[in-house]
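**Student:** Pulled these from TrEMBL:
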ACT_SITE  E110  active site
BINDING   H109, H113, H119  Zn(2+) binding site
DOMAIN    9-213  domain 'Peptidase M12A'
Amino acid sequence: KAHPIRTRNGIVNQIYHWPNRTVPYMIEDDAFADSHYREILRAISIIEENSCVIFKPATEMDFPMALVITSKGLGCNTVHLGYRNKTQVVNLEIYPLGEGCFRIGSIIHELLHVLGFEHQHVSQNRDQYVSIQWKNINPQYNINFVNNDNSTAWHDFDEGYDYESVMHYVPRAFSRNGQPTIVPLREGAENMGQRFYMSEKDIRKLNKMYRCPDHV
């Protein structure tokens, strides 16, 4: 069954968009070394430079409707998709810079979840572009590959499927045997699953989602 607010990979309903295109955030003081703290700020700057979305340091008055970035859990993950009128939490497990959760694209990936983006490979039309190899997926992660079949709540903002999206999984994501879990069906998938930058379509989708006047 589709999630009740879920079409493609960008959330449509504006109640799940951050008010005034602004995300109040707090990076936990004791969670990161200075170098990792700066890398998080760099990811935030990349999103701000390519959209009208603003991340601002949270004050007491912003809570509980604010983003908290921590490293206390395992992996790279986001508690909710989009704005939910309560505290949003992103966990970034500590890795050396350039690896794991501290690849710049991995941080951007989680921040785009915060802004309302789902994974590209679970979009409603994904079966036209990729083949999911269920037999190769570690069963405990099957939920990460179930596609969104609700055609009204999510949208691709007329940008179409994007192999290069920072929201796409790599070909062997959550593999149980080292074999591919996602096989592209069309050309142009050389950079599928990259975690180095926002793709051009990522940028355009974000700007259309937040109705950025100078970027659409």
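In case you wondered, yes, glycine gets a Cβ from its N, Cα and C as well.
In terms of burial and nearby residues, how do these features look in this structure?
**Tutor:** Around the Cβ of E110 (active site), the same chain contributes C76, N77, T78, V90, L92, C101, each under 8 angstroms and 6 or more positions distant in sequence. DSSP gives E110 (active site) a helix state.
Within 10 Å of the C-beta atom of H119 (Zn(2+) binding site) sit 21 other C-beta atoms, taking all shown protein chains into account.
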**Student:** Give the sequence-ordered list of residues that share a chain with H109 (Zn(2+) binding site), lie 6 or more positions from it, and have CB atoms under 8 Å from its CB.
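**Tutor:** Spatial neighbours, sequence-distant, of H109 (Zn(2+) binding site): C76, V166, M167, R195.
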**Student:** Same chain, not part of H109, H113, H119: whose C-beta falls within 8 angstroms of the C-beta centre of the Zn(2+) site? Give them in sequence order.
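**Tutor:** Surrounding the site, in chain order, are T78, E110, L112, F117, E118, V166, M167.
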**Student:** If you draw a 10 Å sphere on the Cβ of H113 (Zn(2+) binding site), how many other Cβ atoms land inside?
**Tutor:** 21
